[in-house]
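> Let me begin by handing over the structure; questions about it come next.
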C-alpha cells in the first residue's frame, strides 16, 4: 500500500473520543493526547496494555476488563477441552463477557452445548448462578455428567442442582427451596419442567441462562412465555410488547420502547439461546430478547447432481433401485413423487425389503428415523413433497449420504380437478399477469398472503378439505373457481405453459417442485463442525421436458447446477469413478461420526472463522445474508447485523448506511481543510466528522450549541453515525476477519477506507471485498478473494470532495450574499442572504448550456401546422407558417411522389452504460435521472442487475451465458440461429449494466409475486420498467443483426391541386417500421429492444391505396390543417439529452450525472415542463448564470472542469500526485475575490 493520505477524524479516538489522525488509526493507535509516542500496535490487546501501563485508559477500559476475563475463560476452556476456543466460540465468549443476550444459530458440531456448559462453570468460578435448559431428560443427564467431569478436571467447586424424574416429593421441595434461596451455582432441567413449575420458579435469581435447542422451547406460546417469565418479563410486559408490535408497521419508534422494557428487566442477566436451525419465530420473544431467528433453509450445497432415466415398468424400476442401493451403500433416502402416493412407496418397500432393510417413513413411525441414524436401517423411503418428513424433518449429516428420486418431484393434476394450493397460487398469479385483470391480480395477492402465513401441514390440510368439498375459505374457493374457468381456455393454457414453466400432457398439468428437490437433496449435504459434507443426488428422469424446466428453475435459485449422467453399468458419474466418489463420502461421514461420538471438537475446527462483512446498504446486507440461510438478526446501536452460515464461516453482515464521515463544517482551515505550507511544499489535511440527521431530514456533520441541528435548530436527532462506528467496533472485536464490501468505485472505496481506519485499532485483519453484482456466486468469490485497499481511489475521492467543498462554498457564498443583494434590488425580493443558492464546478457549465440552449430555442421559433389524410391518422403532414393562407382549417394538397418497402439490417446497440440508461429511461418513460439512479441502485442491491455506475459496455462470460440461457429457453435448440455472443469490450473489472439472471420482466414479476425470489424491499412499477429496459437492451446486444421492414412514403406539399406552388415543410417523406424479422419465427415482444418509434402493424401504403381508391404514385390529396404548434429548429434539453451532452463533453461522471441535474432543479435555476419534460431556465437561473460567467468564468468553464476531471482520473490510476492538484485548486480559490 503506498503512502496513506493525511486526514483527521473528529470524535473518533477509540479511547477519548477526540480528534485523531488517519496515520494513528492506520497504526492501530489512539490520539496524541492519549498516547504521546507515535507507534504501531498489532492488536487491541497490545494497545490496551500500553495505555493501562501509562494509566491513560478511558473508554477502552471496558475492553481491558473484557480481555482480562476472556483470558481466564480461555484458560478454563483449554484445561477442559485441551485446546483454545475457535472463531465463533471466541465471538460468543466476548458477547457473554459484555453481558449481551443473544441467539447462537449455528450448524451441529460447532460446540454450542460445550460453550454453554463451560460458560456456566466460568460463572460458577465467580460464584455466579447459571440455569441450563435442555429439551430432553437424556440431554440433562449428559450435561450433569459433563459438568461433574469438567469441574473435577478444573478443581472448580460448584453447587450443581438438577431435576430428574426419580426424586421424591420432599426432595422436590428441598430443590425449590434451594433454588429460591439462591443456594446453587448451576441448575439444569428440561424445558417441560420449567413450563410445569414456572409459578414456583419464576423468581429465581441467576446471572446466566442457557437454552439449548430453542426450537423445542418455542414449540408453543406457553413454552415461549415460560422462557420470558424466567428472563424476568411479566405478563404485563408481554402484553405491552404484543400491542407495540401491532403498531410497528406505522411507527418504528415502538422498538425504542421495547428496548427500554428489555433493558429494565434483563439488567444483570445474560441469556443465550442455542439452535442448529432456529426456524420457529415468536415475535414477542424475538423483540424482548433483541434478536430475530433465522432458518434451516441453507442454499449452500456440495452435491453431485446426477441423472439417469426411469424405466417404464415397475419391475425394471425395482431392479434399478436394487442396483443403486448395492452400489451406493447404506445411508440413502429414496423419494417417491407425491402423485404416485404412499401406495407406491409401500410397494417399493415391499419389493426392496428382500435384499435391504428399508422402511417407508410416515407420520406414524417417525421413531424409525432414529434407528436409521444409529445405523440399524439401510435406507428410508419417503414422499417427495415440500412438507414430507424426510424432506424437512431430518438432519443427520453423519448418516445421510445420498438421495434417489424415483421420478422428478412435481405437482401433477388433471385440468379441472382440485389442485394443490401451492400450484393454485402459482397458476392464479400467471393468469393475473396474462389477462392484466386487476381483480384477479388482487385475488392472487390475497391467496399468496394466506399461504405465506400457513405451515406446510396446514396447506396440506386445506388442500385435502378442498378435494373433499369441505373448504369454507371464501378467498380460496373463489381462486379455484377463477383458475378452473381460465384453464378451459386453450390460448390461456398455452400462455401459462410459456410463462409458468409447466408441461401440459394428456389433459394433465405438470409443474416441477424444484424447492422440494433443493430441500430433499440438501439432506445429503449438511454443515457439521465447520465442514460442508459432500452429498450425492440421483434423479431418475420420467419426463425430459419437465427435467429441462426443473433445471432452469434450479439455475435461478442456486446460480449454477451441473448435471452429470450416472452410468451405473460403467460405474461412472460423468467421467469420474463412482466408487471413488462413494469412498470420499464414506470417509467424511466416518470423520463426523468420530467427532460426534467423542463429544469433543477437533482442533481442525480452528479453521472455522467469524467474518464481519460490511456493506453500505441495509437492503444489500439483507440480500447477501439471505443467500446462505435465512439470517438471524441482532440490533446493535443504530444498525442491524444479519448473522448467517457458510461452510467454514459464521458470516455477520452489517451496513453503514452509506458514508459515515464527511468534511466538517467547523471553522478549521479553509472550509474544513487545514493547509500546511513549508516553502514550496504543501500538505492538505481534511477534517472529517460523523454524519448526523435530524427529524426534519436535514443532514449535517457538526451540531450547533446544545446538540442542535444547524439548519432547523431542532434537538431531535434521529441518526448519528458515531453510533454506527461504535456498533461496528463492537462487532470488530468479535470477528476473526473483517471484509468491507462497499461499492466498487471511488465513493465506495472512500467509505471502505473510513471504516477500515475506524476499526483498525480493534482488529488488524481487515481487507476489501469487491463485487460487481449481488449474487451468491459473486459474493462467495469476493469473500474468498479479498484484495488490499486501493489508496489511489481514496486520494481521488479526497480531491473530488475538497474541490467540491472549496469551489462550492466559495462561489456559493458569493451567490448567497453579493449576488442575492443585487438580484433583490432588481426583482423586489427580500435582500437577506439566500442559503438555497449554490454553484459548483460541474453544475455551473451545465446551467450555462441550458440557458444558452433556451436562448437559441427562442431565437429560432416558428409556427407549424399539420393535418392528415382522412382515415390515415398515422401519416401526418407538417408545413411552416409561410403566408396568410396557412392557417387552421385551411386546405392544402399532398402529392405522393413515391412509395416503397425497404428492408434494412440493423446491428444491435451495446448494453447500457449509466448515461445511456439515464437517457432511455427519460426518453421512453419520462423518469428523471435522479429517480432512475435510485431505482438502479435498488435493483443492484436486490441482486437483479450488475453495478449501475459504469461507463463500460463490456459483458463477461457469465453475462453471455445468461443471454444464451434465456434465448435457449424461449427458442429451444434453434436459439443458435439468433444468438451472437459479443463481449462489447476487453478487460477491466467493470461490466455494462445487465441482468444477473435469465429472467424477462414477466418471469421476474411472477417469481417475486410468488415469493420464489424474496427481495429485501418491495419493488414498484417503475422498478419493473427500468429492469425491462435493461433486460431488453442486454438480450438484444447478444442477437444477430435485425432485419427491419420499413415503408417509405415520399411527397410534396402544395398550395394548389396542380402543385404549382410548393410549400416549405419539415420533411418530404415519412417512414414507418412495419415488422422486425429474426432468422426464426419467434414472439420477440418480451425481449427485443428497439430505439425507435412503435411498430405499425398495418401497412400505411395499403391504407393509402384503400382510402384514396388509387394505386397511382402521383396521387394528389386535399387535406385540412387541423392543428398547429410552435417549434424551434433548436430543441430544448430534456434530462436525457443533458446526460448525453455531459457524456459527450466529458463533464461529470456516471456517479454524478443525476446529482448535477437534481441540484440545478432543486435550487430553482431550472424547471421541467410537465408534458414534454423540457428543461427551461427560470429568471433566477438566468441571472445566476450571467453572474457566474461575468465574474468567475475561468473557474466554471467547460475546459477547466474537463481538465480537472481528467486529472482526478489520473490520480485514480496512480499517474498524478493528488497533492499537486489540490495545490492548483488552492491557488485558484485564493484568487476568488
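Don't overthink the numbers, they just go from 1 along the chain as shown.
Using the three backbone atoms N, Cα and C, a Cβ is placed for every residue, glycine included.
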> Can you identify, from 661-690, 691-720, 721-750, the stretch that Swiss-Prot calls zinc finger?
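Checked against Swiss-Prot: zinc finger maps to 691-720.
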> State the non-local partners of the zinc finger (1-41) in its own chain: residues 6+ outside its ends, Cβ under 8 Å from one of its Cβ atoms.
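Same-chain contacts beyond the flanks: 47, 50-51, 54, 56-60, 661, 664, 666, 674, 683-690, 722, 725, 729, 754, 757-758, 760-762, 764, 788-789, 791-792, 794-795, 798, 1214, 1218.
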> Which binding-site residues (13, 31, 34, 698, 709, 743) fall within 10 Å of residue 947 (active site, O-(5'-phospho-DNA)-tyrosine intermediate) by Cα distance?
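Within 10 Å Cα-Cα: 743.
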> How many whole Å apart are the CA atoms of residue 31 (Zn(2+) 1 binding site) and residue 616 (Mg(2+) binding site)?
27
> Of the binding-site residues 13, 16, 34, 616, 743, which sits closest to residue 694 (Zn(2+) 2 binding site) by Cα distance?
616
> Please list the DSSP helix, strand and coil residue counts for the zinc finger (691-720).
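Summed over the zinc finger (691-720), the classes give 0 helix, 11 strand, 19 coil.
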> Check the Cα-Cα distances from residue 616 (Mg(2+) binding site) to the binding-site residues 13, 16, 34, 712 and tell me which is shortest.
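Going through 13, 16, 34, 712 one by one, the Cα closest to that of residue 616 (Mg(2+) binding site) is 13.
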> What is the separation, in Å, between the Cα atoms of residue 709 (Zn(2+) 2 binding site) and residue 13 (Zn(2+) 1 binding site)?
23
> With the Zn(2+) 2 site defined by 694, 698, 709, 712, which remaining residues of that chain have Cβ atoms positioned within 8 Å of the Cβ centroid?
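The surrounding set, listed in chain order, is 693, 695, 696, 697, 700, 708, 710, 711, 713, 714.
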> Can you work out the mean pLDDT of the predicted model over the domain 'Helicase ATP-binding' (93-296)?
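Value for the domain 'Helicase ATP-binding' (93-296), mean pLDDT as a whole number: 83.
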> Hey, what's the Cβ neighbour count for residue 34 (Zn(2+) 1 binding site) at 10 Å?
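22, counting other Cβ atoms within 10 Å of residue 34 (Zn(2+) 1 binding site).
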> For the recorded Zn(2+) 1 site, enumerate neighbouring residues of the same chain (Cβ within 8 Å of the Cβ centroid of 13, 16, 31, 34, site residues themselves excluded), in sequence order.
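Neighbours found: 14, 15, 17, 18, 20, 30, 32, 33, 35, 58.
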> Look up residue 947 (active site, O-(5'-phospho-DNA)-tyrosine intermediate) in the DSSP assignment and reduce it to helix, strand or coil.
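Coil, per DSSP.
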